[in-house]
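Features reported for this protein in TrEMBL:
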DOMAIN    89-487  domain 'Amino acid transporter transmembrane'
TRANSMEM  95-114  transmembrane segment
TRANSMEM  120-145  transmembrane segment
TRANSMEM  166-189  transmembrane segment
TRANSMEM  201-220  transmembrane segment
TRANSMEM  227-251  transmembrane segment
TRANSMEM  271-291  transmembrane segment
TRANSMEM  312-335  transmembrane segment
TRANSMEM  355-374  transmembrane segment
TRANSMEM  395-416  transmembrane segment
TRANSMEM  428-447  transmembrane segment
TRANSMEM  467-487  transmembrane segment
Amino acid sequence: MKKHHLVPGRCDYDDGSSSMHMHQVEPQPVLAMPVFSNSWPINGRDADVERTSSSSLEELEDDDNTLAEISVGTQIELEKDHEIKYRSCSWQKTAALLFSEYICLAMMSFPWSYSVLGLVPGIILTLVVAASVLYTSLILWRYCLKHPEVRDVCDIGKKLFGDAAWAYNVTALFFILNNTFIQALHVLVGTKLLNTLTNSSQCSVVFAVIMAMICLVFSLPRTFKQLAHLGTFSAVTMGIAVILSIVFAGIQDHPFGYKEGDEPLVTVLPVPGTTFVSGMSAFLNIMYTFCGQICLPSFIADMENPKDFPKALWAVTIAEMAMFTLCGALIYHFVGNQYMTAPAFSSLQPLYKKIAFSFAIPTLIFLGSLYSVVTSRFIFARVFENSRHRHSNTVVGWLTWVGILSTLWVVAFVIAEVLPFFSDMLSLMSSLFDAWFGYIFWAMAYLQMNPGKRKWNGMGKTIQTLLNYFFIAFGLYVLFGGTYVSVQSIINDRKSSHVGVFTCASVTV
């Protein structure tokens, strides 16, 4: 392996191929191993230390964990004198980020999904999706260990498609769109929250602007380590909101909107007449809540020891399976089919609704902010690919950072005003993005890590190979079938709803 000059945003292997927006540079005896970066804020003059001999690295090439440790250690060493240090998260802080990402408002759509799918199919699908996402997330983690140079899902997208530049650009587009849609979802629900808590006749667009501005302020930190404590608080308060919703649903005399003599109906199986559109929408709501892998490469790339990532992943998966299932089943049991809404807060009596919904405020603000930070860091690294502004507190750097964040929140505000339907937005995002970032990408990663006959080597490998081929087919089905269903559902809701584009009408839940 040749020694190469370290260039931020580039990874220069001497193997005849290039990766991660690379320009080949003249070899210089600066570093003996590739130090990978598109978020590593390093100038060439910073890398004036000899690391590991080329021969010793070649001996370790088959040991992915050891190579990852060396690469991560080098990255940490190169950051030690920087004002802004990126690879600084422990597994506990990463777990806090995962909890804040997954223990979120979207789980309040599970009671509605169960009311459409039936209690038993709903619970079964919840557990199956949880297990499949855990499995694909572990594949993702192993891929990141094998390729410690990757900094986000866009780098992985490029590698999966043969280091093609178009693959990087398309993945980047979907990455930005997915995260911006999630920001929009939090603007939308935040608008509903403010409208509900204030009982104000104020134009709902004003509430949307206020929500976007609040989220912008909380998006200012540039490292995940700085966000971890807020993430813990966000997850705890959302957990309280869910527990209160379950308790209130159980102790209230009747669900909101109750009609005398029409008792809540709870079914084990889907009710007769359930359409493909409604059933698929309910499933996509479940799938969306679990499929958060798009941010995992970014989180892993900020860990001090990426080998500890499964600890955080297992912790959050166990919590998800328990909370999502209990939330969906218990609230559905108390509310029934006729009075179910998404999110389920609307099924509570007004006072209970306001109390429970108010505990979701930190999650609404923080999770939208987290996704905006993930996106902004990606864009920021493209703007300052080889600059001190990436790792220093400069005026230019901070003005650019605020400018990127502001642009993203303006776009999110527009999306929230154009698509003001909670469950439909969840379904659309799940179809367009989770098909790729939840299943297809990681199935491809597995096949790439097990080339040729290796993928059929033994019963265990054969079963996993067939499973990953299934995930690719399933992802394509969700992409096309789910998108059709989501668009059709949006059309249906537009016809039956008084809520329009940029409307001043009340959007209380």
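Note that Cβ sites are derived from N, Cα and C of the backbone, with glycine treated the same way.
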Non-local residues, at least 6 beyond the ends, that sit with Cβ under 8 Å of the transmembrane segment (227-251): 89, 93-94, 96-97, 99-101, 103-105, 107-108, 218, 221, 323, 326-327, 330-331, 334-335, 344-345, 347-349, 352-353, 355-363, 365-367, 369-370, 373
Any contact, the transmembrane segment (428-447) to the transmembrane segment (95-114), with at least 3 Cβ pairs under 8 A: no
Criterion met for the transmembrane segment (201-220) and the transmembrane segment (395-416) (at least three Cβ pairs under 8 Å): yes
Which of 95-114, 166-189, 312-335, 355-374, 467-487 contacts the transmembrane segment (120-145) most, counting Cβ pairs under 8 Å: 312-335
Interface check, the transmembrane segment (355-374) with the transmembrane segment (95-114), three or more C-beta pairs under 8 A: yes
Among the ranges 95-114, 166-189, 271-291, 312-335, 395-416, the one whose Cβ pairs under 8 Å to the transmembrane segment (467-487) are most numerous: 271-291
The transmembrane segment (395-416) vs the transmembrane segment (166-189): 3 or more CB pairs under 8 Å: yes
Chain residues in Cβ proximity to the transmembrane segment (95-114) (below 8 Å; excluding those fewer than six residues from its ends, i.e. six or more beyond): 89, 122-123, 126, 186, 189, 224, 227-232, 234-235, 238-239, 242, 245, 282-283, 285-286, 288-290, 292, 295, 299, 311-313, 315-316, 319-320, 323-325, 327-329, 331-332, 335, 340-345, 347, 360, 363-364, 366-367, 370, 422-423, 426
